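Working notes for the structure below.
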Amino acid sequence: MLQILLLHVAAALVAPLLLNRWGRRMFAVLGLAPASAAVWALTHTSEVMAGNPVVETYRWVPELDLEITFRLDTLSWFMVLIVGAVGALVLAYCAWYFAAAASGKGRFGGVFVAFAGAMLGLVATDSTLMLYLFWELTTVFSYLLIGHYSDRKVSRRAAMQAIIVTTFGGLAMLGGIIVLGQVEGGSYSLHELVTAPPAMTTLTSVGIICVLVGAVSKSALIPFHFWLPAAMAAPTPVSAYLHAAAMVKAGVYLVARLAPGSPRGRRGSGRSSSSRAPRCCSAATARCGSGTSSSSSPTAPSASSAC
């Protein structure tokens with residue numbers, strides 16, 4: 001996964017050069033980056049479905065015992081497949097969406113690929129702190145994409161509204177992550193939080209609520225729903241990817257990821273998180289499908305894709 005993320009970084013850096021020199025058809029070439037993520041997920045299908053997650057760990061700061069860990073289980077496999085495949089398709093569509101003489105194609109392509117990479121990191125990481133880093137990267141890149149038409153006041157206003165709301169939610173989530181990592185029995189590993197969650201105390205409850213605020217704001221649920229319809233001022237590919245299949249689903253993913261570790265989940269039938277993942281995937285599929293159909297209509301606000 002780390003190599004795939006580095007591929008996205010490289011593709012984002014060369015995107016302006018490719019698009020400015022060889023034109024809009026290079027969007028299809030840029031689509032190879034997210035497509036590689038989908039192919040990577042497919043190559044690990046048998047392992048994941050057999051209940052053997054693919055784990056990659058890299059030493060980051062050995063002196064502080066900091067590591068970067070990616071974990072591909074059933075839920076993250078599904079999300080990587082969606083983010084990668086849909087990202088590749090939308091980039092291919094961009095080759096026909098933008099006029100040959102349209103300005104800003106290079107910047108748009110670079111930011112779009114960077115967003116796809118951040119979203120892939122978000123759904124694949126096992127560290128809550130790295131999840132927050134990727135979470136905020138999607139916020140910044142979505143701000144740039146929503147405000148692509150910078151000469152239009154409505155686009156600038158929509159981009160500013162989106163970044164204010166989602167950044168507020170992200171800061172609340174960061175507070176929750178720190179609480180869940182520091183409480184007795186807590187951890188900064190998503191896997192450990194689910195398999196061995198901390199005791200349900202008042203402080204733990206506060207941490208969970210803060211994380212949920214972040215998820216709700218990103219998914220544009222009430223009372224943070226108002227920014228999403230305004231964000232339709234962005235180009236159609238942005239609406240199709242960020243708001244119907246990727247960024248808005250980040251909150252859904254976060255809740256699905258942590259749900260098995262909740263008290264109710266532990267008191268349930270006793271099934272593991274991997275056995276619940278197919279049901280989470282089915283729910284996410286329904287939301288992705290409804291979001292795509294909503295965004296395809298220019299008059300239908302994409303907020304329905306998140307509700």
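Cβ atoms here come from the backbone N, Cα and C positions, even for glycine.
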Using TrEMBL as the reference, determine which range in 44-67, 284-307 is annotated region 'Disordered'. 284-307
Taking 203-228, 255-280 as the choices, which stretch does TrEMBL tie to transmembrane segment? 203-228
Which stretch, 75-99, 106-123, 129-146, 158-183, tops the Cβ pairs under 8 Å count with the transmembrane segment (203-228)? 158-183
With the cut-off at Cβ under 8 Å and a gap of six or more residues from its ends, the chain residues touching the transmembrane segment (106-123) are 1, 4-5, 8-9, 11-13, 15-20, 26-27, 30, 33-34, 37, 76, 79-80, 83-84, 87, 90-91, 94, 98, 130-131, 133-135, 137-138, 141-142, 144-145, 148, 235, 237-238, 241-242, 246-247, 250, 253
Spatial neighbours of the transmembrane segment (75-99) far in sequence, C-beta under 8 Å, 6+ residues away: 24-28, 30-32, 34-42, 44-45, 48, 105, 108-109, 112-113, 116, 119-120, 123-124, 235-237, 240-241, 245-246, 249, 253, 256-257, 273, 277, 280-281, 284, 288
